[in-house]
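These come from TrEMBL:
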- Gly52, Val55, Asn59, Ser298, Asn330, Leu395, Asp398, Ser399: Na(+) binding site (BINDING)
- Cys157-Cys166: disulfide bond (DISULFID)
- 46-64: transmembrane segment (TRANSMEM)
- 76-97: transmembrane segment (TRANSMEM)
- 118-145: transmembrane segment (TRANSMEM)
- 213-233: transmembrane segment (TRANSMEM)
- 242-268: transmembrane segment (TRANSMEM)
- 288-312: transmembrane segment (TRANSMEM)
- 324-348: transmembrane segment (TRANSMEM)
- 383-404: transmembrane segment (TRANSMEM)
- 425-450: transmembrane segment (TRANSMEM)
- 456-477: transmembrane segment (TRANSMEM)
- 497-519: transmembrane segment (TRANSMEM)
- 539-559: transmembrane segment (TRANSMEM)
Amino acid sequence: MKKLQGAHHRKPITPDLLMTPSDQGDVDLDVDFAADRGNWTGKLDFLLSCIGYCVGLGNVWRFPYRAYTNGGGAFLVPYFLMLAICGIPLFFLELSLGQFSSLGPLAVWKISPLFKGAGAAMLLIVGLVAIYYNMIIAYVLFYLFASLTSNLPWEHCGNWWNTDLCLEHRGSKDGNGALPLNLTSTVSPSEEYWSRYVLHIQGSRGIGSPGEIRWNLCLCLLLAWVIVFLCILKGVKSSGKVVYFTATFPYLILLMLLVRGVTLPGAWKGIQFYLTPQFHHLLSSKVWIEAALQIFYSLGVGFGGLLTFASYNTFHQNIYRDTFIVTLGNAITSILAGFAIFSVLGYMSQELGVPVDQVAKAGPGLAFVVYPQAMTMLPLSPFWSFLFFFMLLTLGLDSQFAFLETIVTAVTDEFPYYLRPKKAVFSGLICVAMYLMGLVLTTDGGMYWLVLLDDYSASFGLMVVVITTCLAVTRVYGIQRFCRDIHMMLGFKPGLYFRACWLFLSPATLLALLVYSIVKYQPSEYGSYRFPAWAELLGILMGLLSCLMIPAGMLVAVLREEGSLWERLQQASRPTMDWGPSLEENRTGMYVATLVGSQSPKPLMVHMRKYGGITSFENTAIEVDREIAEEEESMM
């Protein structure tokens, strides 16, 4: 305090409150967390990181399949409507929370400590997803290395892993074209390569007996974690540079695959199958739910990645513009990926002489069975196979960067004095721990565990977290106060569209999704394998655990307060004294002098009016001050 007083009594040329902490000479402000935690170093770092995070594997292997099974081109109607109702508003809300506070998913709940359990639930969900998501990247690395040959190993039968059912699915030609194959009684070489060689699933009797560790997969998983660690070693300063390649290069490969696909014979057959509108599907509630689910999971809302990335922005970064760039870019990428995938599937169906729906699959079945099989039918098949899996690698790594950065940022923001100086070491420990927990996924029965994690880790629990976040910000913290914060940050208030979505449309849509997922619950399965009851129960508990963290966090917050139960609830739901922008230079109006070490209790605008030099953002702060004063007068 003596240092602060000494600095205050000197006569600076610029008013103290208008100076950045780095300009204040000997002033010892230990709370300048924003400077310590780092920021993006380039103008496009944040935008490309968000694009890389949102545009992932789901754009390639889930959207095209969902589109053709839910009305083809007609699916785009509910898809873009759900993007407008749910996707864009929730995306903007999460970015606004992160940028305004410069805090991670845990510390951001200074906005209302009663709901800090939602931040803990986010960390649990993103931790479970990161464990199995990196296993998918390990599979991609396995296929990437397998493509570095003159002949792809899944091209022919006759290998030690093949069975008598193996048949090379190449339609034989007669005078009228391809003779149709009976695909139901045979197995393609690519399918047996995936299940019997890569997974070696015949070595496991089920999820309860996973079998031995597959050391080739174990090494691929280790390599995947090493790559992730090296890219997040220096936080956003290193990952922000990596995304210049990993977020843009997939578009180049996707364009090459698209051009190659549409020039193949039969390509139009697949594209027509993909986009032919079937408007009668729009009368089914399932189509609207599928569209909302695709938007919800594709944009990555609720995982904390968007909030974390935005927390490293400068205070006046135009996230309003970035929201529309990323969300619309994500949708367009999904549609283009559908053209690239279904043009090749159309060619494949013509070569085999079967309908497109018999070769179309979603998820790992598309990435590791169907598309690799299609690659064997092309000239220079190893080249196209390598490109395809390299695209999947770069798509997956961006999302994995976000998952790990979310966990590291959240914990270091909670314990800044201990962990920020050792952030690289802490990141390494997280990677090692998650690698060890993921070793069960490298066993013969590892795919069963991966399916269980995929089905339950981010299912209904994630929806509950997002609904809670939306209601806490708009109802408890207050929609007017939140819009005022955005006004202070961006220079304008969100319009009626955003406020209506935050207050009513988005929570109602997510609640409908939650109810639908519970009512239409189906047990997990992998092929013909049905999971035992104890595995189902374990998965349900996995989802419930993230939900239970919210009331547990409420209980802890209430117990920390004093007074009656109602008084404790009121106190726990209010923002903490230090809630607001991280840097004092950005704290105006009600946020002035709420940081430890603040130099004056006077509103910052008094100093600005006295000394002049008011910028557009400072003028916005004057308007915010005036609004606050008017509200206080009306309340009195």
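In case you wondered, yes, glycine gets a Cβ from its N, Cα and C as well.
Unlike curated entries, TrEMBL annotations are predicted automatically.
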Which residues, same chain and not among Gly52, Val55, Asn59, Ser298, Asn330, Leu395, Asp398, Ser399, have a CB within 8 angstroms of the centroid of the CB atoms at the recorded Na(+) site?
Ile51, Tyr53, Cys54, Gly56, Leu57, Gly58, Thr333
May I ask you to check whether the transmembrane segment (539-559) and the transmembrane segment (456-477) make contact, with contact taken as at least three Cβ pairs under 8 Å and only pairs 6 or more apart in sequence counted?
yes
Selection from 46-64, 76-97, 118-145, 213-233, 456-477, the stretch that has most Cβ pairs under 8 A to the transmembrane segment (288-312):
76-97
So which residues does the transmembrane segment (242-268) touch in its own chain, when a touch means Cβ under 8 Å and the partner is 6 or more beyond its ends?
42, 44-45, 48-49, 51-52, 55, 231, 333, 336-337, 339-341, 343-344, 346-351, 378, 384, 387-388, 390-391, 394-395, 397-398, 401
Quick one: give me the count of other CB atoms within 10 A of the CB of Asp398 (Na(+) binding site).
25
Run the contact check on the transmembrane segment (456-477) against the transmembrane segment (46-64): 3 or more C-beta pairs under 8 Å, excluding pairs closer than 6 in sequence.
no
Tell me, if you would, which residue among Val55, Cys166 (recorded positions) has the fewest other CB atoms within 10 Å in the structure shown?
Cys166
Could you tell me what the rest of the chain brings near the transmembrane segment (118-145), counting residues at least six beyond its ends with Cβ under 8 Å?
57, 105-109, 198, 216-217, 220-221, 223-225, 228, 302-305, 364, 367-368, 372, 385-386, 389-390, 392-393, 396-397, 399-400, 403-404, 406-407, 410-411, 434, 437-438, 441-442, 446, 449-450, 453-454, 457-458, 461-462, 464-465, 468-469, 472, 542, 545-547, 549-550, 552-553
Go through the chain and flag residues at least 6 beyond the ends of the transmembrane segment (76-97) whose CB is under 8 A from any CB in it; none is fine as an answer.
67, 108, 111, 282, 287-288, 290-292, 294-296, 299, 301-302, 306-307, 309-310, 319-320, 322-324, 326-327, 331, 335, 466, 469-470, 473, 482, 485-486, 489, 494, 497-498, 501-502, 505-506, 509-510
Which residues of the chain, 6 or more past the ends of the transmembrane segment (383-404), have a CB below 8 A from one of its CBs?
49, 51-53, 55-57, 59-60, 126-127, 129-130, 133-134, 136-137, 140-141, 143-144, 147-148, 152, 224, 227-228, 231-232, 239, 242-243, 245-247, 249-250, 253-254, 256-257, 260, 300, 303, 305, 308-309, 367, 371-372, 375, 427, 430-431
I'd like to know which of the recorded positions Cys157, Leu395 has the most other Cβ atoms within 10 Å of its Cβ.
Leu395
Near Asn330 (Na(+) binding site), which residues of its chain come within a Cβ-Cβ distance under 8 Å, counting only those 6 or more away in sequence?
Ile51, Cys54, Val55, Asn59, Ser298, Leu299
Near the transmembrane segment (324-348), which residues from the same chain, at least 6 beyond its ends, have a CB less than 8 A from one of its CBs?
47, 50-51, 54-55, 59-60, 63-64, 67-68, 76, 79-80, 83, 87-88, 91, 251, 254, 257-258, 261-262, 264-275, 294, 298-299, 356, 359-360, 366, 370-371, 373-374, 377
Just the number: how many Å between the Cα atoms of Ser399 (Na(+) binding site) and Cys157 (disulfide bond)?
36
Cα-Cα, whole number of Å: Asp398 (Na(+) binding site) versus Cys166 (disulfide bond)?
36
